[in-house]
Protein chains: 2
Amino acid sequence: MAREIERKFLLTDDSWKAAAYQQTDFAQGYLTPLQGAAKSSVRVRIEGSVANINIKSLEIGLSRDEYEYAIPLADGEKMLTTLAVGPVIKKTRYLVKHGEHIWEIDEFFGDNAGLVVAEVEMRAENETVLLPNWVGREVTHEARYYNISLSEYPFKDWSEDEKK
Amino acid sequence: MAREIERKFLLTDDSWKAAAYQQTDFAQGYLTPLQGAAKSSVRVRIEGSVANINIKSLEIGLSRDEYEYAIPLADGEKMLTTLAVGPVIKKTRYLVKHGEHIWEIDEFFGDNAGLVVAEVEMRAENETVLLPNWVGREVTHEARYYNISLSEYPFKDWSEDEKK
């Protein structure tokens, strides 16, 4: 079990793309519905050619308990096809190093096309993060930017106010 | 991924207990609520001193898709404590060999005390199973006997009719 501590931001432009040193295609879906009594999200993800299952406690904010286990690719593909609740999310994740941190920038496709979100993972909640100049508004505490929410309420259905 | 094919029965007496060649204590809980849009159950189980996570398609009847992965014991214990939806189910599982089949007999405790269920796993839906004389009514198609249901609607709350 790990404790995930991360901050999420929107982006001001796409100047980060030139600095990306890695990009990987992701397909992911959730086995748990967002509505209901679940205390965790259960996510199946295909990351390039490997698959994993990930369980995160459902707390909005900086830090959450996280468990992740590698699973056979064929299992991951079958689960996304037959057991995912809501549409499978597709995105490309870019990695950009800035100062001491690795930034993960997710560019979404399909129903979430147009949405780009940057995340930075920290070792402690009070850790100082040097913000790149392509980083805009912080959305760490806004539930609609969580992937589990994007699978049920995708970016294409957001109002203009919600997209700001 | 495996396809689980099994039949469930109630028991007529406890004469099976003398024939049990193994018994193991189980503690298990579900990360997915029974109510809601989930297409699968996600179960965390401590079995003796090992833990696993198990995903089964939610279909009532003989056969279901099943995925199971070993996880660290400490992860399993933390998930049962912090992420389980509803009470953790505790039971002892006994194994009894009869003819060509291994029978799993679950004796429940806590809110499900008094309930004993026998399951037999088969290789094909049309496979002939020799029924031991301690096997009673078949409950394969009765949802309330599924463990995920027992965690939300335990045996202690059943009507006398439901217990027959």
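Just so you know, glycine gets a Cβ as well, placed from its N, Cα and C.
Per TrEMBL, the feature active site, proton acceptor maps to A:Tyr30. For A:2-152, the entry in TrEMBL reads domain 'CYTH'.
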Find the average pLDDT over the domain 'CYTH' (A:2-152) in the predicted model and report it.
91
For A:Tyr30 (active site, proton acceptor), the three-state class that DSSP assigns:
strand
Looking only at Cβ atoms, how many others are within 10 Å of the one on the residue listed as 'active site, proton acceptor'?
26
